[in-house]
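Presented below is the structure to which this report refers.
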């Protein structure tokens, strides 16, 4: 017999259910999914009512004039109020929508309820995006032709001022979103300051060394930002991950004999390793901790401490936010490093970039969030498109169709996959095959990395 899920709740709502002219007034918990309550509701109308559901596609709960209620959501999420009447209907015989007797009023309601309608919150984001655009122009103008010392002083001063403004807005006005924008702008100006500070100290510094200084400046500003704007910790966590990967890559390219392409290859491997720990890191950053496993028979008989519903919901949302930010941060670092790797001196750099891209595509099936999956796929897609463009431009015009035709076919396959694959479940052995292929691809990264770093050549020279 199927085990029933048990819930512990302290709040309820009194609702009236209507079925075939019969009504029942019931007090129901508001924190339990509607689908779990439906068997108990139908039982109030007789046992035969539940059996009738097998004759059609089951029962649904519906408000008059609205679509069927989502059974996976709770009554609280469905905005159910005391005294409200809900109708039980067969799934194939849902109540039709109420016709409008006023065309203008009906159109006005549709415009107001349209997903793209302008709301006060969206107006606020229009102003915020305008502020971001203005700050980007100011950031670009700071880098205009000017003495290096003046650029360092101006950008560093603006970074400090913006960071102080972010602290005032976050602590004084309790406005986290504008504070995060100001702190992000502070990190941007700190990047410019760090880059030009390296040029001030050493005018002949390489681009890799300058990038290291820029990453160091950004990291300092981000660490200060997360301390003054605690509400934006998830955003700063992703930015810090991106900056750390770029900083380590820059240090490798600056203080070792490695070329920029080799340093980027090492940085990519570091990012791949760090992204393996994103789920556990996001879980811990959200403030949750797993209970210890029982170590003896006596502990198995102890009662399990219940966790507050609000704590689980809030911390779960925080975990998802941290995971999204960390995936975006890691993906942003890879977007910077992979194109630089493509410009390597030989074909092994290109091979390494393609293998890393394949590994990212295989890993993209793990994240459950849309932005998280895009963050994993974007670097891989960028490399493939850049390689295709490079191969096409390298060929004569009359033979360029050799690259263009496969690209068109791939686009057609992607469109076909968009129609056939979403929501489809594959056989378990296909999933296992992909897991093995992912493992083999990850293993293949190491020997190709050693070839990119020239380890094999050094070993051959040592062997004589």
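Heads up, the Cβ atoms here are built off N, Cα and C, so glycines get one too.
Among the features that TrEMBL reports, domain 'EccD-like transmembrane' is placed at 126-462.
Taken from TrEMBL, the feature transmembrane segment applies to 125-142 (among others).
Under the heading transmembrane segment, TrEMBL lists 148-170 (among others).
If you look up TrEMBL, you'll see 177-198 (among others) marked as transmembrane segment. Beyond the transmembrane segment (177-198), the same-chain residues lying 6 or more positions past its ends with a Cβ under 8 Å from any Cβ of the stretch are 128, 131-132, 135, 139, 142-143, 148, 151-152, 155-156, 158-160, 162-163, 165-167, 169-170, 205, 209-218, 220-222, 224-225, 228-229, 231-232, 235-236, 239.
For 218-251 (among others), the entry in TrEMBL reads transmembrane segment.
Sequence annotations record features per position, and here TrEMBL assigns transmembrane segment to 263-283 (among others). Only residues 6 or more beyond the boundaries of the transmembrane segment (263-283), in the same chain, are considered here, and those with a CB under 8 A from a CB of the stretch are 208, 241, 245-246, 248-250, 252-253, 256, 319-320, 322-323, 326-327, 330, 333-334, 337-338, 340-341, 349, 352, 356, 359, 363, 376, 442, 445, 449, 452-453.
Here TrEMBL flags 347-362 (among others) as transmembrane segment. Within its own chain, the transmembrane segment (347-362) is flanked in space by residues 261, 265, 268, 272, 334, 338, 341, 376-377, 379-381, 383-384, 387, 434, 437-438, 441-442, 444-445, 448-449, 451-452, which lie at least six positions past its ends and keep a Cβ under 8 Å from the stretch.
According to TrEMBL, the feature transmembrane segment maps to 374-393 (among others).
Sequence-distant contacts of the transmembrane segment (399-418) (same chain, at least 6 residues past either end, Cβ-Cβ under 8 Å): 388, 391-392. Look at TrEMBL and you will find 399-418 (among others) tagged as transmembrane segment.
As annotated by TrEMBL, transmembrane segment applies to 439-459 (among others). Under 8 Å from some Cβ of the transmembrane segment (439-459) lie the Cβ atoms of residues 258, 261-262, 265-266, 269, 272, 344, 348-349, 351-352, 355-356, 358-359, 362, all in the same chain and six or more residues away from its ends.
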